[in-house]
Amino acid sequence: MDTHTLKSVSDLPGNFRSAFSFRYFNSLQSECFPLCFHSDINMIISAPTGSGKTVLFELCILRLFSKSISKEGSFLHAKGALKTVYISPSKALVQEKLRDWNQKFNSWGISCLELTGDNETYSTKNIQDADIILTTPEKFDAVSRYRVTSGGLGFFSDIALVLIDEVHLLNDPRGAALEAIVSRLKILSSNHELRSSTLASVRLLAVSATIPNIEDLAEWLKVPTAGIKRFGEEMRPVKLTTKVFGYAAAKNDFLFEKRLQNYIYDILMQYSKGKSALVFCSTRKGAQEAAQKLAQTAMTYGYSNPFIKSREQLERLREASPMCSDKQMQSYILQGVGYHNGGLCQKDRSLVEGLFLNGDIQVICTTNTLAHGINLPAHTVVIKSTQHFNKEKGHYMEYDRSTLLQMSGRAGRPPFDDTGMVIIMTRRETVHLYENLLNGCEVVESQLLPCLIEHLTAEIVQLTISDITRAIEWMKCSYLYVRMKKNPENYAIKKGIPKDRVEKHLQELCLQKINELSQYQMIWTDTDGFVLKPEEPGRLMTKYYLKFETMKYIINTPTSYSLDEALHIVCHAEEISWIQLRRNEKKTLNDVNADKEGRLRFHINDNKGKRKKRIQTREEKLFVLANDWLTGDPSVHDLSMTQDANSICSNGSRIARCMKEYFIYKKNYKGTLSSTLLAKSLYQKLWDDSPYLLKQLPGIGMVTAKALHSMGVRSFEALAEADPRRIEIVTGRKYPFGNTIKESLSSLPPKVEIKVEEVDCQKQGISKLAVTLSRVSQPLQSTKRHYADLIVGSEEENLIHFHEKIRMEDFSSPYSVTVLLERPHQQTKVTVKADLIFEEYIGIDLHETLLLKKANNNKVNYKSENRMPQYYPPMASACIADDDNPVTSGPSNRKDKKDDMPSFKLIDDDSEEEKEPYVTMEEDDCVIINEHTVFDHIREKAKCFPSLNPLNPTSSPASGKSILKRKSLVENNSPELDPLFQYDSVFDLPTNTKDIKQSAQQITSPGYASFAEKTETERPFSDETIFNYIRKRSKNSPALATSKIENPITISSQEGRNAEISPYRTYGLLVSPATKIPRITSDAPSEILSFDISMVKRSDTSLEQTKGFCSTLAGKSNVSDSFLGFKSIFSFL
């Protein structure tokens, strides 16, 4: 384009001219100017690196802002109403654009927000208010996944412009995320419910390097023909020459890159022509070592150093060298060489950059971040190895195309050079890949198919897809559909298939994936398989970015599993399946698993339970490696295995967190605890029983942790009490290191206490538990949030009864929750545990245990607590039988009973056999027995049954119940006791030990027992009468303590009632219908405890003495039960 046709910045409205520092746009920008600024059509631009494509983004942003300019020419900004989303393949590019656009647009009130892994401080409100969102594909996809349940996707409807930088990323495995989010935006924009929103008319603009199939991308993005712009190498300001050199592979990627250092000097001497050069290395250490190698080589030439051209240059280097704080860098600068990475301080980085721009330093060895950030062009660019170490994946990976193009774009300095040189050093087998890459001959294909099921699940979870029709429509919005029609063989479609059948194949593929998801209960479908709804496993797989195979493995896990089994699940995960067992690693792993020092928590065992002598599989390697790493002091120092271990910990922690939430959903108590502990351990790279727990604190590494361990400081509590000066002496550090270490304790969550107790036992055997959290220390003023999971579960049932996630700084102390728990019926006991498990830190979790005994007919509640035991002495022979309803195990409801008889609560045999569980009694029910309380209580009971006359079972048929009252033996007939003594003669019971034994032996056939008719007028009993009767029954029944009947004996009556004598040590009698044979279960006493009325009538006994006296009697009654003695009095209380 001629210069007279170049567009001027003055063609923009006056409000926007300050956005550009130049007067004219270049030829590429001028040609795209009308479409970018004066229209809203979608566009795709293919142009070489460095041709000025970024300005096109800014023109489209200004076009969007121009809609907010009033007729008067003022800029009226509505915060967040019209959003721009900028998507870049790298965080470095995002941060570069963020700095640039903040500087340009901030004065207009435009807010920019970075959404990358480096920025986790944003909130939903920040996203809602942002005008420009700068993000990477993976992060934008993850943000939309995480916030779907909290309504965090509301900003989608405000998206008006989407800018896609380096769209050729689609050809990279990472391109699946980019394809998924663009397809999501496309299908949402076609949603009828959003037809009135900004998203319905969203504009898409994509730029890329030179690619051969730009038309396919245009079809996917719905770009009209006018919006397709293709520019060749003529648009590049400096012509580039590319050379690709292949080298033989080494044993591992690390050694291969290190070996390439030997070739760099010769390459620079041959191709740089004495001009400036950038050497891109994959790691900081690699950049430093490359600079060291070049400086040492140049030093051998003395005054003939090829990197120093003049004496003046040498003098400037000598002056600058002492200004560098890095001692090693000082020696490199003197040779005309430097290195640049994130490990340098800002002062040293600025010094190196200035020396390079001035031409004093000829060579800089740097990491790939310099390719995206500071503009330091050079004549020659050397890319030392095409692989870099990916921290997220934990292993070496090939550079993506955009990164390589960015590095190559640094070659050539427009003001000084008219040519540039790019040297790529790679392995021999990958030479052809990079030749096609730089020449623009590589066709961009879709990478969505290998992870289609995961992205399909994500759309169902986000409700983008609600039925089969919508699912097929979403797939048609993908780049996969476009390339399937153009190149079906590349996507597992038979060669030669008609193009019209591609759509049918796509539908079959969609149905296949949905059936798989439904089979594993990740989604729900109706009977017709049409409606699609997400299930919790599918939500979790989407939330934690897990592979489908990994989630299947978690779902198929046995119900009950331990911590080591949880670690085995992680080792089988698809996310770390790329880690392989190398031959040279087997000996080291075998030695680690042998564990002669007893360092490891778990080992690989054979079928006999012994430690395996040989590690044979990839999963076994991962398991051993993880155990060695989690000791806190690993014995494996091999770089390759160290990288593998880091990958296990980073990916494993995410997988374990997903397992935790899945088992909470399944209410699996043991699985939840194991997964939670494993997730924290992998995150901290420590087991919870490690002696180096202090490594969790900032500023404490392994050396400091070992030093503290040697002085006995092994816990957070011990560190809080330690002397700062002694810490400095032991660690060999200077003041105020000790104070700093102690201050790091402020990063821990506030200290709390947990308590669990049983507060009530309701009907149907339901226990009410109270779990209380109390904050012991006040939370410190900190921006860090601490969360913990409160879990209440039972071990025997492996069941979670309650779960809540709590923010430790915010809950109101004390915080109490009520948990209803069904008492055990089949098991003899249930161990209830309340656990407060912190999300991040290990070694500070809280656990509390409560023991619940099996529910019995009398519904006595047991609990373990720090309360003195209180016992209800058992009744001797009082029972109530119900003709209509069977006796249930639930507690009796006093309101449903008539007041004509007292309620007698019997204690089960198990209640006095256990030492730890106690019978619960509310404090208000505890009564001190004295003269007044005993007689008052008897009078109250006497009101309910004014006469203890015999009941005629035939006289009240309407009631449907017959009640058997207690019968005893009598020796002498006192006139005032006749109404009581007549009960003894009803069944003709014996009155002494000898007669009792004979009666027991002679009853061999059913007999009859009937109640006598009432023959005299009812009259109430006096207090003295009752106690005399009790006293005589106590003295006249010693034989009952030793009698024992081996088998129960049934006594039949003419009224159709049966009485059964229990074989237990206590005699009792029960009357019920013939179809119900009751059993008397009271225990017979082994020792008679007599009671005299004078004990109660002592008026001079003090309150304290009375308390002690009653406690003594209650204690004796635990081991010695009387038949009709003191315990009968207690049964009324």
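Cβ atoms here come from the backbone N, Cα and C positions, even for glycine.
From a predicted model like this one, the values you see are computed outputs, not experimental measurements.
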Between the ranges 165-168, 409-412, 737-740, Swiss-Prot assigns motif 'DEVH box' to 165-168
Ranges in play 878-919, 1004-1045, with Swiss-Prot marking region 'Disordered' at 878-919
Judged by other C-beta atoms within 10 Å of its C-beta, the most isolated of the binding-site residues G50, G52 is G52
Across every protein chain in view, the count of C-beta atoms other than its own within 10 A of the C-beta of P48 (ATP binding site) is 22
By the 10 Å Cβ-neighbour count, the most surrounded of the binding-site residues T49, S51, T54 is S51
Simplified to three states, DSSP reports T54 (ATP binding site) as helix
Students should find that the Cβ of A47 (ATP binding site) has, within 10 Å, a number of other Cβ atoms equal to 22
Helix, strand and coil residue totals from DSSP for the motif 'DEVH box' (165-168) stand at 2 helix, 0 strand, 2 coil
Residues lining the ATP site besides A47, P48, T49, G50, S51, G52, K53, T54 (CB within 8 A of their CB center) are L28, V207, M235, R236, G409
In all the protein chains shown, the tally of other Cβ atoms within 10 Å of the Cβ of K53 (ATP binding site) is 23
DSSP output for A47 (ATP binding site) maps to coil
